[in-house]
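A quick write-up on the structure given underneath.
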Ligand SMILES: Nc1ncnc2c1ncn2[C@@H]1O[C@H](COP(=O)(O)OP(=O)(O)OP(=O)(O)O)[C@@H](O)[C@H]1O
């Protein structure tokens, strides 16, 4: 674990963490006083005199009051410490989650291409939870645990030096045992986390593939795959819990044996009879010592394990965010919509160039169709325009300004994209359409629905725009989903519209009618249409045909001035 990163994470919570540490130190001070007072009380009860207290002139009543006060204070402090730890742990958890999630949303598309959604999910949910628990509970309470252990040892040593000697001899043995078991615990912690993450990843993937599983009748195979992972996770967790279950009590037992030994030595060694008050205190201190010893062993493994999670979190947080985020782009000027690609070349990492030597310009208000074989690079070209990826060379401009210099969100808000596979979420039709413009007016909504040829669909739905779709709602057909995605892009009325096979699932009549409506409704907007279908091609002023990443032909359908 890198302590510097840990300290940075803990820095904003310095105050509550220090408060927890202070409260637990106080608790441990009170805890250390109790055995002594109890010993004195016992001495009074048995013999009528406790040596030290008697010397200090303390009466039995005073001792009783002090003892009760210490017990009540100890209880109060323990409760306060637990609540404080829970509150601080919760705060750290929420903050870490929010920060990690915000960061993940801002990471570039290539990062998401190469990472697994399930792994990110597990990092921001249960892994971060264990980390915040570690910071607030384990780390903040460690000083108190050490102080209790050290305090009990020192006080025992003062009461009886032979005790101290035995303790000193036991210490290296104890350290060795803790280190060995702690190492195994750390390994098991890693394995348990990996097993649990693999399970989440598979479950997520299987839920997404539900219809494929059913149509290929693969339920048994998929169940078996899940069962294997669930079983693996159970086994690791069992081993982990078994070790944990044994560790604390066994260490406590050994410490207990040591205490008995100490008592025997201390009780029998001296020529004079021991003061029963001292003996009783000694016994209580020995009992007190057993608790932190067990916890310290557990702590060692846990610290190592939390370090692993921290390293994963650190790796994700160290990934650079997309360049060009500006928090306030609301006031930026609407673009005219002139686009230009100038000798653009682009290759996905580790692959040959997907696009090469791409040059073309689109004037504001022009409609340009991109066509070409599967894999020719059409969607990639659109991705470059939206700055999902950066060209390796060449320039892409909007209104003459290179897009890499335009604030990212402003650029993207100038472009209404309808992707090949519309992404709709479980919510109402209205929520889905207004996704990019949550405060759209009724008139804007109605216009977008009409232009997307979605009125008939909305009227047909049981609660119109308020009908829930997706999970717990109505399932829509491919063409219906496309209409909603179209309405979503048209709603904000951006100066540039990009339709990537946006009407590929429309029936022919519907497509022809959409094309006709677009001719009228999209006047003045720059439109890029990726399509193979004649009705959409008929809409275009120009058709650019791509072949293996290069422009093969350009067909002017409505030559300028004609
Ligand atoms: N994220 C990615 N990482 C690596 N390679 C990719 C990625 N996305 C696409 N490709 C590759 O880039 C090439 C062009 O893909 P693209 O989706 O741009 O083609 P397309 O012309 O839109 O095809 P289609 O008509 O089938 O939709 C393909 O060979 C594809 O495998």
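A Cβ is built for glycine as well, from the same backbone N, Cα and C atoms used for every other residue.
Looking at 118-138, 139-159, 202-222, the range tied to transmembrane segment in TrEMBL is 139-159.
Range 245-267 is the one annotated as transmembrane segment, of 245-267, 268-290 (source: TrEMBL). Note: the stretches the transmembrane segment (17-38) and the transmembrane segment (139-159) are in contact (3+ CB pairs below 8 A, sequence gap of 6 or more).
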